[in-house]
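First comes the structure, then the notes that go with it.
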Amino acid sequence: MEADFVIIGSGSAGSAMAYRLSEDGRYSVIVIEYGVPDVGPLIQMPAALSFPMNMETYDWGFSSEPEPHIGGRSLVTPRGKVLGGSSSINGMVYVRGHACDFDHWSQSGARGWAYADVLPYFKRMENSQGGQEGWRGTNGPLYVQRGKRDNPLFHAFVEAGHQAGFEVTDDYNGEKQEGFGPMEQTIHNGRRWSAANAYLKPALKRPNVKLVKGFARKIVLEGKRAVGVEIEAGRTFSTIRARREVIIAASSINSPKLLMLSGIGPAAHLKEHGIDLVADRPGVGQNLQDHLEVYIQQECTQPITLYSKLNLFSKARIGVEWLLFKTGDGATNHFESAAFVRSKAGVEYPDIQYHFLPVAIRYDGKAAAQSHGFQAHVGPMRSKSRGSVTLRSANPREKPVIKFNYMSHEDDWADFRHCVRLTREIFGQAAFDPYRGAEIQPGAHVQTDDEIDNFIREHVESAFHPCGTCKMGAVDDPMAVVDPECRVIGVEGLRVADSSIFPRITNGNLNGPSIMVGEKASDHILGRTPLARSNQEPWINPRWQVSDR
């Protein structure tokens, strides 16, 4: 079996590339996916988001090694093992990232990936419902909407931010990210709008696109050229050959793992596992980054939260309405207001993100509070801690060793202390007076630096945004894995295009920029002239040097 292009992974970037590489009919594409079909309400119902990320059926089941700086806790790292990859198990929050994120990419060696370069690709991919005119795309495959439940707590959160002196923004994906405002969702007609729904399923209707179910074991190389992929399907091993190129889009965990199993990575590490060296790229698996967050929870004095809808009868009613009409509380992820703010004067653009939720519960659906409540998920966006993904053995079936080194930099602790205190300030504003009860978490007894640090150590959680393990950079950067056209340095016919190539993590959730990577990489792969650069200038707070708001 062979095709012009072989893509490993049907996730956010992989699905976008399958769509774009095949759209003019000139080239054939095979997408290799080990996961299951994305069928059923547990995947497609937005409100059921906590289920697929906790199910072996849909998730690779990765966890970090015990993390020494957070009390030896091992945090889960869900990655989608399903059509659509992690876009089929994520929280459906849509964030492009800040313009300065991409300018930093370009300045660090990923030339051609500045905000002016990537904005046209965000516009090409979007079908934005209600975003800022002129800044958003309206004809792309990816539907993006605002929340529709209109809970008064969403408005209270935005108003509280305003009362605290922060900016308000009507579209954080437009000209102005900074501020409090409505959150955007990848939901369409009441259904999760994953990369599979947006890109892959339309592409699979074309005669030149084929989906192959199989477990990718390694890249097949002839000398220093990639010519195919060895896959395992059942008990059968076979090679899918690529006439032009192999493209890895297997996630920030599996992409570096696959490179190393194929002899591309740190020479000493590969030798340790008896793997023949093809290209010594010390950056493979390094530079691992993530977003962490804590949940600040308050009791609510009015019965307007989702607590009353957590019982079996209400869940059944919500499920029936969604199954019949794709409306109601089942048709949203319930993240409908958000904020991006700066932590202090001298910070040029937001470095803290908020998700607001009208219930007190864990993100994975476990440990709901036993009363009406609401919460903010809050965390710093630019942690200085860095980790790694390495091989446990040369057996492709073994999970890799994942070490995030969470909270290993002292600045991360100071940033989180500020997040806790800032959230208390916001929840203390007059807008919440009609609703605010006692603090559930951390609790009124947690006040000093040491007490807050202990709370963070015990309760900090991953936002599930791993990235950076196949860093994109200049060819002469010894830690770069791919060049600015996503080509693996030192190997021909092989590219990586997914969140693993991010030089530095972006502001916000990663599904949006991962799809953008797939869109832009497609033009590089096809040898097309990139879309014309934008001349639009993003808003930067004129007070950034003297104030945090």
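Even glycines carry a Cβ here, placed using N, Cα and C.
For the recorded site, D4 (FAD binding site), the DSSP three-state label reads strand. All protein chains shown were included, and the count of other CB atoms within 10 Å of the CB of D4 (FAD binding site) stands at 16. The FAD binding site annotation in Swiss-Prot covers 4-33 and rests on sequence analysis.
Long-range C-beta contacts of H465 (active site, proton acceptor), restricted to its own chain and to partners at least six residues apart, with a cutoff below 8 Å, comprise Q289, D290, H291, S499, I505, N509, L510. For H465, the entry in Swiss-Prot reads active site, proton acceptor, with the evidence type sequence analysis.
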- Message: Using other CB atoms within 10 angstroms as the count, which residue among the binding-site residues I8, A16, I32 scores least?
- Response: I32
- Task: Measure the Cβ-based neighbour count of S12 (FAD binding site), defined as the other Cβ atoms within 10 Å of its Cβ.
- Result: 34
- Note on the structure: Using a 10 Å radius on the Cβ of R20 (FAD binding site), the other Cβ atoms enclosed count 24
- Which residues, sitting 6 or more apart from D24 (FAD binding site) on the same chain, put a CB under 8 Å from its CB? none
